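**Q** According to TrEMBL, the protein carries these features:
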ACT_SITE  476  active site, proton acceptor
BINDING   52, 337  FAD binding site
BINDING   203, 204, 205, 206, 207, 208, 209, 210, 296  NAD(+) binding site
DISULFID  43-48  disulfide bond
DOMAIN    5-352  domain 'FAD/NAD(P)-binding'
DOMAIN    372-486  domain 'Pyridine nucleotide-disulphide oxidoreductase dimerisation'
Ligand SMILES: Cc1cc2nc3c(=O)[nH]c(=O)nc-3n(C[C@H](O)[C@H](O)[C@H](O)COP(=O)(O)OP(=O)(O)OC[C@H]3O[C@@H](n4cnc5c(N)ncnc54)[C@H](O)[C@@H]3O)c2cc1C
Ligand SMILES: NC(=O)c1ccc[n+]([C@@H]2O[C@H](COP(=O)([O-])OP(=O)(O)OC[C@H]3O[C@@H](n4cnc5c(N)ncnc54)[C@H](O)[C@@H]3O)[C@@H](O)[C@H]2O)c1
């Protein structure tokens, strides 16, 4: 059986579903094909949403344990893991059910199936692509999903579409030479299991520090093994060193400049990690209940049909696209984690909207990779947008680049939070527009950083002159005031700081 659509999208994560929603809004017939039981991809099912549910819950637990400094002597029982697990599942299923209804209301046809792209052919005089649907793992039929139920469509189904959008996302990268097995787990498994009493995390990116914070807040003994001397090492130096110091202050052991050489894991609840630190020629080892490998993710582009379709990939396996998401194959587009760049849900949303509008013949601006905010929901949080000082210099695009450090402890709310923080504002003049100083980047570590970064993103993204940005009034006493004060300082007229 063959069905005809204007656009077929493979993968219903943030990249795929945002493309589908916008394309349907623009009047296209859209097929969205997902092999998982629920839409939402990594983000809703095993990424952004479940991790933030656990971060919020364990932060509450941690806060209760530390109230005595403010005169509240509270006590709590250990975390009821089955109840927390149920809460996490409730949040995830509410979100995925809501997404299913939204897709149905927009008129998107959702299939539960595994999709593979076929050769271009031309049944109607237009350039067409065939997409072959086969049952998802564990299923006998391709399923057409309606809000309430699903209808079997047989063991295979072919879809024809003039435009195909690849949105297959990514999967956890195993440690080099050490496959995930027994106690060596990835982030998806880490979400499903109960909290360990001891955990070793390898990696220093978002997954590593978010899980370190979840488990640390829950009372687990956490060790981070990192290759450099701080977490988020590609970030602004002050933000990354502040976060590293704060994690250590909360009791997380951080083994720096270390490489893992071997891991023995005889059972799902025990492992010995062997590692070597820089300058030493001897391995050291530690015993742990669980080892989380958090060294990045690989794009889902290793299936044979990608190669056969002639779609160009880069050395890391990411689909190569132009700035509007067009791949090297005619009528084939790509969005989200399968493209090179920050693997973030909000980037995938923006790419999806852009591709849908481009296919519809509108004239959207390309997604500006430099103004995509990065957010890490560790305790404390970290967030940034735009250039670091070093990146601004290396770009060769700006004159008189200045990094302004704002002392966060000058902010009353920071003081009350009991956490330290860092904020750096990078400004400079565009070589095309000398004489006007603009904001180039903002980098933060501290409570509420993931919310505060939204204002910085508006200013950096819109190239607002620094003097204009510094005029904006911030409510008192708030965390956001720290950003207002940092802008005033960068503009050469600090108020509550030197
Ligand atoms: C633990 C964790 C926490 C995260 N937290 C955040 C966060 O707080 N904020 C943030 O912005 N980002 C976060 N991310 C990253 C975010 O989840 C991803 O950037 C985002 O999900 C990428 O969207 P995507 O649509 O490209 O891919 P995905 O969400 O991975 O979706 C791809 C979908 O395609 C499907 N698929 C693949 N191949 C096929 C096929 N052949 N046929 C049918 N279906 C197929 C997959 O089943 C999957 O559902 C987190 C990631 C992880 C792992
Ligand atoms: N809050 C968020 O937005 C959020 C949360 C979680 C994940 N994510 C996204 O998911 C993706 C995956 O996250 P991640 O933290 O796994 O990857 P990442 O790319 O952010 O960090 C990987 C870390 O592993 C280190 N590393 C790489 N190879 C290593 C090796 N062989 N040995 C030891 N360390 C090694 C790197 O130096 C880096 O610190 C990221 O792109 C991230 O943006 C985002």
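Cβ coordinates are placed from backbone N, Cα and C, and glycine is handled just like the others.
Curation plays no part in TrEMBL annotations; they are all automatic predictions.
Explain the structural surroundings of these features, please.
**A** In this structure, residue 476 (active site, proton acceptor) belongs to neither helix nor strand by DSSP; it is coil.
Cβ environment of residue 337 (FAD binding site): 13, 15, 42, 169, 170, 297, 299, 300, 343, 348 lie under 8 Å away, each six or more residues apart in the same chain.
Neighbours of residue 203 (NAD(+) binding site), defined as other CB atoms within 10 A of its CB across all chains, total 23.
Less than 8 angstroms from the CB of residue 43 (disulfide bond) sit 13, 14, 49, 345, 348, each of them six or more residues away in the same chain.
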**Q** List, in residue order, those recorded positions out of 43, 205, 207, 209, 337, 476 with a Cβ under 6 Å from any atom belonging to ligand 1.
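**A** Among the recorded positions listed, those whose Cβ sits under 6 Å from ligand 1 are 43, 207, 337.
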**Q** Does any of 43, 203, 205, 207, 296, 476 have a Cβ within less than 6 Å of an atom of ligand 2? These are the recorded positions; tell me which, or none.
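**A** 203, 205, 207, 296, in sequence order.
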**Q** Could you tally the C-beta atoms, other than its own, that fall within 10 angstroms of the C-beta of residue 205 (NAD(+) binding site)?
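**A** Taking every protein chain into account, the count is 19.
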**Q** I'd like to know the mean pLDDT over the domain 'FAD/NAD(P)-binding' (5-352).
**A** 96
**Q** Just the number: how many Å between the Cα atoms of residue 207 (NAD(+) binding site) and residue 48 (disulfide bond)?
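**A** That separation, Cα to Cα, works out to 10 Å.
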